[in-house]
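In what follows, a single structure is set out as structure tokens and then discussed.
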Amino acid sequence: MEDGVTPPLLITEKDTTMIRVKEEVKKQLWLSAPLIGVSLLQYSLQVISVMFVGHLGSLPLSAASIATSFASVTGFTFLLGTASALETLCGQAYGAKLYGKLGIQMQRAMFVLLILSVPLSIIWANTEQILVLVHQDKSIASVAGSYAKYMIPSLFAYGLLQCINRFLQAQNNVFPVFVCSGITTCLHLLLCWLFVLKTGLGYRGAALAISVSYWFNVILLSCYVKFSPSCSHSWTGFSKEAFQELYDFSKIAFPSAVMVCLELWSFELLVLASGLLPNPVLETSVLSICLNTSLTIWQISVGLGGAASIRVSNELGAGNPQVAKLAVYVIVGIAVAEGIVVVTVLLSIRKILGHAFSSDPKIIAYAASMIPIVACGNFLDGLQCVLSGVARGCGWQKIGACVNLGSYYLVGVPLGLLLGFHFHIGGRGLWLGIVTALSVQVLCLSLVTIFTNWDKEAKKATNRVGSSDDKDGDVQ
């Protein structure tokens, strides 16, 4: 090689790699930004209702908060996890250009979730008796039970909504979901004002507003799917095929539900445990602040995890294992950057954050001391969300469920209880247990991802969605 002559092949390969990385970053951000908005907007519906109830007095506020938490643990979380199976099935089918299968999978998921909603609604109908059974105050249990009953229609709508969301997300069609969520949130504010403050329904009106809003969102998105040209190949109408292969769907859906529930239940469990600590009012108040802060920030991570799932499932379904691998590296990098920003912001506002929730100086000071632990947990939670998204994109729900079981219930929760009660660290000890669980979860999922044979995963995706000769609804 002569002096002064640059090897053109090396430059071309390097430039090509950088171009691919930049393109992948653009795709990830284009997907994740609307998904973050969707997560925040849909999460805000229940928060807005509780805020309106707060103007009615301390008893309705306490009851609505407990009913909302109970509804999340016994209903919404389970349906959310079950619907997440579509991230694997629809995402890989779309990548394989088997567009007709997306509509079939969505109908199948809707059928399963509607069936599951029936026993869950029976649980909600008996909320008062269940709360009394676990020694909640009877007056609070009575109001919470009534609140939960008015939320029962929202349970069925929520399951359908999650199915439609994932059907559209799998097609990279995320902006309509964001727009419909925004319209629904605006309507919800109006409904809460009308039902809670103007019609005399009181706290019941707040619960009813949730039900109406979720159904309104379902109708909006259903109309979009029905009439939009972008869904003309993936939605071809109702089909009897949806009632077939239910067992195959459940093999992914059940572990997917377990994967989500095990994680979210552990947070609620430790907040409940804080009520058994010395000075339970202080501990419970501060842990609730930490939980609400973490849940709000978690919505950002959920959006990133959704983008990871879409990109990985699409590329594996399309038979592009190396592009899927690149997508993983890019989204992890984005999650690290997001985590650094979150930690920086939380630490900078740690002394004033408590004022948003309370005027009690003890609660404010205690919350400030907890923020560094919470910030560490949020950083790790961002990583686990994108790694869990990768797991859903690959169809690793069983692995994810096992990892979450071990991380939270064999390590995190026992350690948190040990630190909180035996070593008398209190709420800090409980939250340190969560941080430890997240650390183990991130480590395990990272190892699984690092040692993945992506060529093999692409073949699995091809087998899962079916032969390319069966491209019903394919568009060339």
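One-based numbering along the chain as shown.
Glycine residues also receive a Cβ, built from the backbone N, Cα and C atoms like all the rest.
The annotation transmembrane segment is assigned in Swiss-Prot to 29-51 (among others).
The transmembrane segment annotation in Swiss-Prot covers 70-90 (among others), and the record cites sequence analysis as its basis.
Look at Swiss-Prot and you will find 111-131 (among others) tagged as transmembrane segment.
The annotation transmembrane segment is assigned in Swiss-Prot to 140-160 (among others).
For 177-197 (among others), the entry in Swiss-Prot reads transmembrane segment, with the evidence type sequence analysis.
Annotation comment: Swiss-Prot describes 205-225 (among others) as transmembrane segment.
Annotation source Swiss-Prot lists transmembrane segment at 252-272 (among others). Long-range contacts of the transmembrane segment (252-272) within the same chain, counting only residues at least 6 positions beyond its ends with a Cβ under 8 Å from a Cβ of the stretch, are 69, 72-73, 77-78, 80-82, 84-85, 88-89, 109, 112, 284, 287-288, 291, 294, 388, 391-392, 395, 397-398, 400-401, 404-405, 408-409, 412-413, 416, 430-431, 433-434, 437, 441.
Residues or ranges marked as transmembrane segment by Swiss-Prot on the basis of sequence analysis: 286-306 (among others).
The transmembrane segment annotation in Swiss-Prot covers 326-346 (among others), and the record cites sequence analysis as its basis.
Look at Swiss-Prot and you will find 363-383 (among others) tagged as transmembrane segment.
Residues annotated as transmembrane segment in Swiss-Prot, with sequence analysis given as evidence: 405-425 (among others).
Feature annotation from Swiss-Prot assigns transmembrane segment to 431-451 (among others); the stated evidence is sequence analysis.
Counting Cβ pairs under 8 Å that are 6 or more residues apart, the transmembrane segment (70-90) and the transmembrane segment (363-383) reach fewer than 3 and are not in contact.
Residues of the same chain lying 6 or more positions beyond the ends of the transmembrane segment (363-383) and with a Cβ under 8 Å from any Cβ of it are 282, 285-286, 289-290, 293-294, 297-298, 300-301, 304, 332, 335-336, 338-340, 342-343, 346-347, 350-351, 353-355, 357, 427-428, 431-432, 434-435, 438-439, 441-442, 446.
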